[in-house]
Amino acid sequence: MGDIERTDARFEVISEYEPAGDQPAAIEELDARLSRGERDVVLLGATGTGKSATAAWLIEQQQRPTLVMAPNKTLAAQLANELRQLLPNNAVEYFVSYYDYYQPEAYIAQTDTYIEKDSSINDDVERLRHRATSSLLSRRDVVVVSSVSCIYGLGTPQSYLDRSVVLRVDEEVERDRFLRLLVDIQYDRNDVGFTRGTFRVKGDTVDIIPAYEEVAVRVEFFGDDIDALYYIHPLTGDVIRQVDEVRIFPATHYVAGPERMAKAVEDIKAELRDRLEDLENRGKLLEAQRLRMRTEYDLEMIEQVGFCSGIENYSRHLDGRPAGSAPATLLDYFPEDFLTIIDESHVTVPQIGGMFEGDMSRKRNLVEFGFRLPSALDNRPLKWEEFEQRVGQTVYMSATPGDYELAASGGEYVEQVIRPTGLVDPEIDVRPTRGQIDDLIHEIKQRTTKDERVLVTTLTKKMAEDLTDYLLENGIRVRYLHSDIDTLQRVELLRQLRLGEYDVLVGINLLREGLDLPEVSLVAILDADKEGFLRSTKSLIQTIGRAARNVSGTVIMYADKITDSMQYAIDETERRREKQIAYNKEHGIDPQPLRKKIADILEQVQESKAESTAPSSDAVVVSKTNTSSMPVAELRSLIDDLTTQMGTAARELKFELAGRLRDEIAELKKELRGMEEIGLA
């Protein structure tokens, strides 16, 4: 998609801070390597060294559209917010799965169980996805922060662009033809409920809310000419600004012109005939009947309204691709010279490589038992080799780069271990396991008197539970983080730890990437000498990094021998620590605690409690309310209020809060249904 005409504004970082510590050297070397044409570059950035800011300054140096990949939605949202603050005049977009809930279509042959696709789409995230693709086809100063969603099938960018509608003032456009065009690209006419992806008509005035906007476009006709174009507020109708030209992109990524659609229908019919003949020849009459009914229904929907449920399963025909070929993805919307940055690459790279087989194993059953045509197999994520072919130059960022990244870069990497704050890596103390719990309690009490927090990591769930009980008996405020706690509760637990509602967090795997806890001054690793996944070199370095954001950060490893993994982690931490101390001494830097970040968190909590629209504590308060004694009208009002709050939270990218509110709403609706069933409603 390099031949599309895009506006060409410059990337510009706007920040009160200048690159500091290792950042200037890292930015310069990364820029030099990319400018020399090196395809794969690794940034080995220690925890808390400002890798996100380095990425922003690198983008400013390179002046190229950039894809930034993160391992999950939460980290992607965090990165997008950071980059928006650093690049306020450029388009920083967010592209992740738009499902709040997703149950994929599946068939379990052993029990003859068909599971229909079931999902709940987050309207705001879908809007952000459309905004990402529309920005990529309109301008060059675009950064898209994405999860692995970017390797899943999407409509082709050429069809998406070709089916867009360009409006210009004084241009001759027949109003009724324009309305038909809007319907063709999946906009719905709704003169009452005016929402995203709809349009309304009042005489010679047509209002549209594009799929990627929060504002509406007003088109005023004078006869068959466009008299004026405005952006307006969708609720009040107030004019925001007048413009001379507007491009309206389709309301779905899966669009095709009439000729392409007609050809796709014929291709699907031809494939259906061949597949039915094959199934009948093999005596699979039930499967053949099942496939005929489903496909003919889908074809009728496509012919009548240009769309059907699960249309993505026919994407190969809609795109005009040969069998077995890779689908179009978000990567195809970028210009050819785009840059890719993979954050937490030691997690993200294996994710990319594993998506194809997981998807394929489910779909093979659907095809074999007559639920889908074989072409549905081509609606899939990219294979690793296909991903490699589509991305150009790539920067891998991680505190512990994986073997693949290091091999791809020839074993070379750019190092960023000096923190702008002057904080150094924690000291590591190896102690014997004999009497380790009493020693740990002594260390915890020393920290709690200074209002500092402690993380304790164990090897088994049973050990974590027993340790938590024992610490509670000894008067220590402690919580236990385990696999039964969902993501939202986990975020709440960590927030409570930061705010000092308790002092010690015990868990099995506390090394999760992006765990930012500046108040933690001690990380205790029990059974550090038991080799395995949880005590590998990478795991130990990640766990040690949790104490690297505190001035007095310390790590205690309880072990009776020093394993190879321990030795490497200790040596690497000591090497970084010596380098950091020498730098601080040379430049007269006194390590500063991250007080500002803590204040920001406290401020956000206080603000959210004060706001009536989205208080972070609402979900907790509601769950404690005795809703069974609440009048039905009041309960319905509460559900409506929480739904509004959920929408507000999602628009502000506060997905943890939105998810918590969603769960509360589901519980309240269940309560309401119970009342209706017994005649209280």
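Using the three backbone atoms N, Cα and C, a Cβ is placed for every residue, glycine included.
Per Swiss-Prot, the features are:
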DOMAIN    32-419  domain 'Helicase ATP-binding'
BINDING   Gly45, Ala46, Thr47, Gly48, Thr49, Gly50, Lys51, Ser52  ATP binding site
MOTIF     98-121  motif 'Beta-hairpin'
DOMAIN    436-602  domain 'Helicase C-terminal'
COMPBIAS  607-616  compositional bias 'Polar residues'
REGION    607-626  region 'Disordered'
DOMAIN    636-671  domain 'UVR'
Ask   = What residues, ordered by sequence, lie under 8 A Cβ-to-Cβ from Lys51 (ATP binding site) and sit at least six positions away in the same chain?
value = Leu43, Gly45, Asp343, Met397, Gln416
Request  = Rank the binding-site residues Thr47, Thr49, Ser52 by the number of other Cβ atoms within 10 Å of each Cβ and report the first-ranked residue.
outcome  = Thr49
Query = For the ATP site given as Gly45, Ala46, Thr47, Gly48, Thr49, Gly50, Lys51, Ser52, which other residues of the same chain have their Cβ within 8 Å of the site's Cβ centre?
reply = Thr54, Ala399, Gln416, Arg419
Ask   = Going along the chain, which residues six or more apart from Gly50 (ATP binding site) have their CB under 8 A from its CB?
value = Ala20, Gly21, Gln23, Gln416, Arg419, Pro420
Query = Per DSSP, how many helix, strand and coil residues does the domain 'UVR' (636-671) have?
reply = 33 helix, 0 strand, 3 coil
Request  = Among the binding-site residues Gly45, Gly48, point out the residue whose Cβ has the most other Cβ atoms within 10 Å, with all shown protein chains included in the count.
outcome  = Gly45
Task = Based on DSSP, name the secondary structure state of Thr47 (ATP binding site): helix, strand or coil.
result = coil
Which same-chain residues, if any, lie at least 6 apart from Ala46 (ATP binding site) yet have Cβ under 8 Å of it = Ala399, Gln416, Val417, Arg419, Asp425, Gly545, Ala548, Arg576
Message = Quick check: in three-state DSSP terms, what is Ser52 (ATP binding site)?
response = helix
Remark   = Mean pLDDT across the domain 'UVR' (636-671) comes out at 81
Key: Per-state residue totals over the motif 'Beta-hairpin' (98-121) - DSSP helix, strand, coil   = 3 helix, 15 strand, 6 coil
